[in-house]
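Accompanying notes for the structure given below.
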Amino acid sequence: MMKENLWNNIKQLKKESPLVHSITNYVVMNNTANALLAAGASPIMAHAHSEMEDMMTICQALVVNIGTLDEYWVTAMKKAVHQAQQLEKPWILDPVGAGATPYRDEVLAELLQLNPTIIRGNASEIMALAKHNSTPTKGVDSSAKSNEAVLAAKFLVEKYHCTVCISGATDIILDQDKEIHLFNGHELMSKITGMGCTATALVAAFSAVIKDKVEAVTSAMAYLGVVGELAAKESKGPGSLQMNILDQLYAISEKAFNSTLNLEIKRG
Amino acid sequence: MMKENLWNNIKQLKKESPLVHSITNYVVMNNTANALLAAGASPIMAHAHSEMEDMMTICQALVVNIGTLDEYWVTAMKKAVHQAQQLEKPWILDPVGAGATPYRDEVLAELLQLNPTIIRGNASEIMALAKHNSTPTKGVDSSAKSNEAVLAAKFLVEKYHCTVCISGATDIILDQDKEIHLFNGHELMSKITGMGCTATALVAAFSAVIKDKVEAVTSAMAYLGVVGELAAKESKGPGSLQMNILDQLYAISEKAFNSTLNLEIKRG
Amino acid sequence: MMKENLWNNIKQLKKESPLVHSITNYVVMNNTANALLAAGASPIMAHAHSEMEDMMTICQALVVNIGTLDEYWVTAMKKAVHQAQQLEKPWILDPVGAGATPYRDEVLAELLQLNPTIIRGNASEIMALAKHNSTPTKGVDSSAKSNEAVLAAKFLVEKYHCTVCISGATDIILDQDKEIHLFNGHELMSKITGMGCTATALVAAFSAVIKDKVEAVTSAMAYLGVVGELAAKESKGPGSLQMNILDQLYAISEKAFNSTLNLEIKRG
């Protein structure tokens, strides 16, 4: 992967405008849809059992985010995932609140068996996914740091043949051959609900248009991280930050992107 | 209908503040409620089977938006529609994603049998509603232009005795006797999720206070189109546009409205 | 209670960052989560029957908001409430739309039997809760004024041994011994959906860190009222107000808070 590819990938996303199906949580649906639109992708959100296969047929990628899961929605997730696999389309798992309750962990264990193309979570969630007996997470917040979860991420990569993104102050993206560390973003982003869910949706959008999955994830995380960092500079708090992030996702220039981007290629 | 009526209708909406019951999709509920409030109406959102008839009894108009439909919600929609019909209150159909999946089309066929007072959709959706074998829509986006859907809209008007609004760069509002073309709005509005759903909610609010349905729909679409156009001028992207639209719905002056309004009465 | 305590309580909230479980309505989930984050608390939203007890175990307070209730969600509410009681954690009832339909009133009657720690509603809702045969409310809006509901609130305090907050132009907070009147806020706040729900979520957050419940409620209502009043001064309408409220919840200074605070201790 070359750093120089990232801006081209952002341009390609806007050009191809992939249709992303998100089975996600109620809290973030509006933000997520707006972030996808601002980035140039097209969002669809649906969950009726009767249309999960058909919806997946017309979409290019799938987000499965368990934030406000229940029995009906979990069945919808599985139906959509099966169809995604059948059609060889990428599906991205966002294990919101992994480790918070036994029910979440059971559902996640089942979803992992369906081999997600990519997993994006914070350090606590990635550690909970890899090892069910670890220290319990504090709800949907992450009290752990990204580098503490690298071993857990490597375990998931090995076992489920997927790409993993640990998001946090440093985003770490890795598969068997590659490892990228990304230093963009701003701490005020953690004061907006659903920033992680937005990241996952963007990961799905890029995974629909970029073949190399580490490159797709890196493009998404770099895009959101740079945008968030620039937006934070002109924001007085989380309210204006949320607005400025959407504006920047839509309007960011190549020059602003490349001069702010801060990443390190550790492997590959 | 006279162009001069439109501002009076906006004033009347703010004065009467009708209670609008929206059975709508999860993605847009917050925006829709905020748009109704900013415009001067009162929103209610509910879906429990046990209260659909009672809720409809205290409301003046009903929105049925199938964006995130499922079996439970479809039953709620039918219950509310039956009560609306019983009480001769207007109900507005927003056929989100018509043509995207067979399930949506089945549900829409059933809802059409219940004679919506008004249908508001984009060109692709209106064409899918009128002719199930047309080219499939690209999800919830419209790739077609409003004028391509006029024949489909006329078919719906004829068959279901309703008023139809095709929204897009040009909004076309028609029934058997009248046809209005409206040229307000801004392309950046398509980068905010749920602008169409907001339009439908405003259509419902005006249909509760204005007897002539073409005039009610035109008032709503002109209000949102003018507001969006003015708001876009002071916005840097979709984030600030969303904020500015709510501010303008609340604060727009008669002078700004009338000097921006751009419509053509084709018939009636 | 001392006025001087309030700012310290706000600081304590930010320091302790309690985890608040909200079983709330779809319309306001995003706002509520963002308000909790901006205030310094941590939000969780979940409703699956299989995890209600476990979720309540890791949270410090519970919001039960019936805005978009249905049968499944009501069962989830009861499960969470039972666990909150078992663990002696505060649970806050937000009786959205009390009096609007018989179904709501039945559910509220059942929830009242489970002894909410605190009830927060507008005047119409508090009156509907106390006396089922009163004048019906106009949906979720309040047409009544706070002081008209004081007798109803006193009845609820007496019967259910809870603290009650009637919110409105004047917020009235009372239990058996104390009564506080709070005069902050701005009428533009009523043009944003879910301001009451946000108030309830903040009440829950403070109730997790402040032992005296009248003081906890007063801290929450004063915080939101002062923030809303300051935010309204720099807002052009409800769109910018919503953004500015989140920014101010995050950034308000002690000086700005104390010089704007306007309350009267009537009893206690």
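A Cβ is built for glycine as well, from the same backbone N, Cα and C atoms used for every other residue.
Taken straight from TrEMBL:
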- C:Met45, C:Gly194: substrate binding site (BINDING)
- C:Arg120, C:Ser167: ATP binding site (BINDING)
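Features recorded in TrEMBL, as mapped to the structure shown.
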{"residue": "C:Met45", "record": "substrate binding site", "Cβ neighbours (10 Å)": "23"}
{"residue": "C:Arg120", "record": "ATP binding site", "Cβ neighbours (10 Å)": "31"}
{"residue": "C:Ser167", "record": "ATP binding site", "Cβ neighbours (10 Å)": "29"}
{"residue": "C:Gly194", "record": "substrate binding site", "Cβ neighbours (10 Å)": "28"}
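Checking the binding-site residues C:Met45, C:Arg120, C:Ser167, C:Gly194 against chain A with a Cβ-Cβ cut-off under 8 Å leaves C:Met45. C:Arg120 (ATP binding site) sits 19 Å from C:Met45 (substrate binding site), taking the Cα positions as reference. Spacing of C:Met45 (substrate binding site) relative to C:Ser167 (ATP binding site) is 24 Å (Cα to Cα, whole number). Under the DSSP three-state reduction, C:Gly194 (substrate binding site) is assigned to coil, being neither helix nor strand.
A separation of roughly 13 Å, to the nearest angstrom, links the Cα atoms of C:Gly194 (substrate binding site) and C:Ser167 (ATP binding site).
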